[in-house]
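Engineer: Residues or ranges marked as ATP binding site in TrEMBL: B:Thr67, B:Pro68, B:Ala69, B:Gly70, B:Glu71, B:Gly72, B:Lys73, B:Thr74.
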Protein chains: 2
Amino acid sequence: MTQPSDIEIARAAKKLPIQEIGAKLGLAPKDLIPFGHDKAKIEPEALARLDDRPDGKLILVTAINPTPAGEGKTTTTVGLGDGLNRIGKKAMICIREASLGPNFGMKGGAAGGGHAQIVPMEDMNLHFTGDFHAITSAHNLLSAMIDNHIYWGNELEIDMRRVVWRRVLDMNDRALRQITASLGGVSNGFPREAGFDITVASEVMAILCLAKDLADLESRLGDMIVAYRRDRSPVYARDIGAHGAMAVLLKDAIKPNLVQTLENNPAFVHGGPFANIAHGCNSVVATRAALKLADYVVTEAGFGADLGAEKFFDIKCRKAGLTPAASVLVATIRALKMNGGVAKEDLGAENVEAVRKGCANLARHIENVKSFGVPVVVAINHFSGDSDAEIAEVQNYVKTQGTEAIICRHWAEGGAGTEELARRVAEIADSDMSHFAPLYPDEKPLFKKIEEIAKRIYRADEVIADKKIRDQLREWENQGYGNLPVCMAKTQYSFSTDPALRGAPTGHTIPVREVRLSAGAGFVVVICGEIMTMPGLPRHPAAEKICLNDAGEIEGLF
Amino acid sequence: MTQPSDIEIARAAKKLPIQEIGAKLGLAPKDLIPFGHDKAKIEPEALARLDDRPDGKLILVTAINPTPAGEGKTTTTVGLGDGLNRIGKKAMICIREASLGPNFGMKGGAAGGGHAQIVPMEDMNLHFTGDFHAITSAHNLLSAMIDNHIYWGNELEIDMRRVVWRRVLDMNDRALRQITASLGGVSNGFPREAGFDITVASEVMAILCLAKDLADLESRLGDMIVAYRRDRSPVYARDIGAHGAMAVLLKDAIKPNLVQTLENNPAFVHGGPFANIAHGCNSVVATRAALKLADYVVTEAGFGADLGAEKFFDIKCRKAGLTPAASVLVATIRALKMNGGVAKEDLGAENVEAVRKGCANLARHIENVKSFGVPVVVAINHFSGDSDAEIAEVQNYVKTQGTEAIICRHWAEGGAGTEELARRVAEIADSDMSHFAPLYPDEKPLFKKIEEIAKRIYRADEVIADKKIRDQLREWENQGYGNLPVCMAKTQYSFSTDPALRGAPTGHTIPVREVRLSAGAGFVVVICGEIMTMPGLPRHPAAEKICLNDAGEIEGLF
């Protein structure tokens, strides 16, 4: 039997009109702003009505370090949501939106896989409801207004060499990483060095994902630092007068997007910073709304638990006052084998020894997640080639780590394949076993926070940073930003900053290349190793193969 | 009695659900892709069903040269559409979408004014249905793929100094007009000069507006020239392999957007190149669809008739095989006074002499429009301060030009204020008086086409152009592009290239600064005088005053 492809399954989905999905949540048609027949934003008034309701249980899905073998974190998030609904629980899913740029780079995006997907998959991987475009516009409006301010006389006395607000595009475009702008003479302004990041790395994206409502969003936008004067005093977006117009541009983007799974269960897909260069979680607005609308909310945090879960706990939960009740750590036999040293082309062969070796990566993530006080259960996202012996090896290994590993067959079977996981997760969530606490207290100095994460989560020996970087951190502490959490930007492929270092490395060092203050979002971005805030395209971008076929269907995007 | 503001009127509008507007056109709910409750895109299948229907009559609304006094071209377009429906005709309106960038610059946009507006006005001036964002993405994907191609070895042997494909943003950002990109070392590519235009100036926008369907769009995207080799042979978007992915990004953007007037009459708002730097008309797809759906289609072309109407006739109608049946030339007493030399602050006082002087501008536009074989009637867009003597002066003057000027009070009265105009326009359109022909034949050499427009439309004595520009035009002719029309880019404020030269100047010269070949759109852009393809922001951008008030309403955008 050949399993149809993800996109074939997605296209064959029997979607319900989005109004019917809303009705499952108790939302009336007028509470929804439709985008086509299968997507809708939720009116803030409808969400405000829910304030008195008790919160549901928050369940985090995280994963081992990703490998080219794939581990299926989103797929498992969707499968678990469907599984919970299937066993009679009222559950919702909250995931992040896809970024357009990378879809045209390495490979297309997806929203789950097999029979555990969120639809409409094609829209979600293209413009969706326009949220990222709104962020790009708002971000670049501020950029234009900064240069415009300087052009017209620079009343705020911005030090042109210290403009820290860059521009963004939702595109993988290495040519824009570093540019000289305002060339061409008097009418084009004062030449200066500048550059672009990808939209998901924008502080505006982080703010959209962390703000509790539109008023909070506007206030945080105003707090963003865009430049410094010669005396090093900060210039804020508020000084430029951009925050109001930015909020207007974002007034719809902050409304959560409702879609559905293949099994017609409701899902919010909203916000989407990358977890390797930003905090990597879907929006607080969507998560909070889901907690009011459902008894169980399954959400994910990007990439492996070293990046995704750490920032979910230390940034999103800390700042939004959320308390996760349980967590699921996703692994595949194949990815464990790769973490155990097997090359991608050799993954087909049974290799219990490699699985056992790879479990070191899994074990460390279990230990890390537990260190936040959150109970964790392992989900083995089943592939047809997995051998019984390999699976038994993982299950036995995980037992020695004080938890359990449950086989999940959602890719092939949908929610029916995650019933066992769903039951166990619900049980844990209902047991109030969680004693969540962030890793470090607010008042710890910034560099110590970086060291804490590097040593306790990444298991590095030390953090390397120039005097310039240490001085910068101290300066921000003196300006009153010392109480912020840190948002680590590093490769997702390893606990270390070396993407090739799989498994559970020790003895490595974490080199800090750059630090950026996101005063509006409320964290300090710490850029480690070679990670780029503007990706590039590969030699043959996926875009070369993306087209519409004669039936008007998209080919090559998935 | 105080007239409420445009935005107050728009907010008080009794909008019908967009499905009811569709029903007026014979479209079923499934033919519509809703965006909220008051906007929808039309499914191409629904439009394909209409192919056998006869075409309605196409009516162009154009205007005298714009002045700070305002002339109300869009307002009159909307008013005439409402007026036609009011006198029992089945009429539709087709206008262009607003560009985001300028809304944050000089002043907010609008979609008509007073009681002649299209709603939802706020959405239309922000992200609307995302068409422009899709164009920005598609355009910049190609840009990124070009630099990426060079980065990975430049198999196509692109001459890096001759990359002619720029980048775009829907933003007024002078700092991006001219940049050096790919700085920062090996991993960021090969440094080269580059720059950004505003999205409306993108060839992708022009193609979206001129393509007859999605297949035509994709084919034209492939035809775009992005660079030249050392031997001057062109490199096409097709060679880069970007056209398929670009078409995927634009697959929804090409579907026309249906909205409504304050009087609940249907309007397509679709596409939107600026008439000062591009061809300035709404999409062919929307216009064609409207001609099938209604008996009369009222459309507008940007700015004064020297730019808008000339390009509507010579580019859009020529290329799409459209035959306008009538045209309306909009003027206001105030704008005529300004064209007659009165300063803005003195417009309140009656000044028949200035009105008469300003009529020289009006007369020239009448003569120009007639030279295309299209009957023209003047609409005086009435302001409460207009004196009877001033109005009489215009009416008498216009009679000497062989046509008539009709007072329109749509701003105050909606469609009731344009009944006379509507009756007259319908009568002309039904009379088959139009003998439309473009200004110049396809086979005329490119420079001669420029001269033809400069002399016959702008009434300049000569066109000034460097040898380099003339050589470039000849090279394109040798490459087979000599049969294309030219798309003039110049200031909208004057027949000349001097924005301060109002009225009906003669004896001036038209300096050509730059020429750009839009091989996919099918025209040669001729940039004259100081006109910029990336605008800047004023000292105090409108954005500084734009915000959400406590009621959640947008302030300052309009």
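Heads up, the Cβ atoms here are built off N, Cα and C, so glycines get one too.
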Engineer: Please report the three-state DSSP label of B:Gly70 (ATP binding site).
Structural biologist: coil
Engineer: Using a Cβ cut-off under 8 Å and a sequence separation of 6 or more, which residues in the same chain sit near B:Lys73 (ATP binding site)?
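Structural biologist: Residues satisfying the criterion: B:Val61, B:Thr62, B:Ala63, B:Glu300, B:Val330.
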Engineer: Given the binding-site residues B:Pro68, B:Gly70, B:Gly72, and counting only Cβ atoms in the protein chains shown, which has the most within 10 Å of its Cβ?
Structural biologist: B:Gly72
Engineer: Run through the Cβ atoms and count how many others sit within 10 Å of the one on B:Glu71 (ATP binding site).
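Structural biologist: Total other Cβ atoms inside 10 Å, all chains included: 25.
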Engineer: Using a 10 Å cut-off on Cβ-Cβ distances across all protein chains shown, tell me which of the binding-site residues (B:Thr67, B:Thr74) has the largest neighbour count.
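Structural biologist: Max Cβ neighbours within 10 Å, all protein chains included: B:Thr74.
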Engineer: Excluding near sequence neighbours, so keeping only residues 6 or more apart in the same chain, what lies with its CB under 8 A of B:Ala69 (ATP binding site)?
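Structural biologist: In sequence order, the residues whose Cβ lies under 8 Å from that of B:Ala69 (ATP binding site) (at least 6 apart) are B:Thr332, B:Arg334, B:Ala335, B:Lys337, B:Met338, B:Lys344, B:Leu347.
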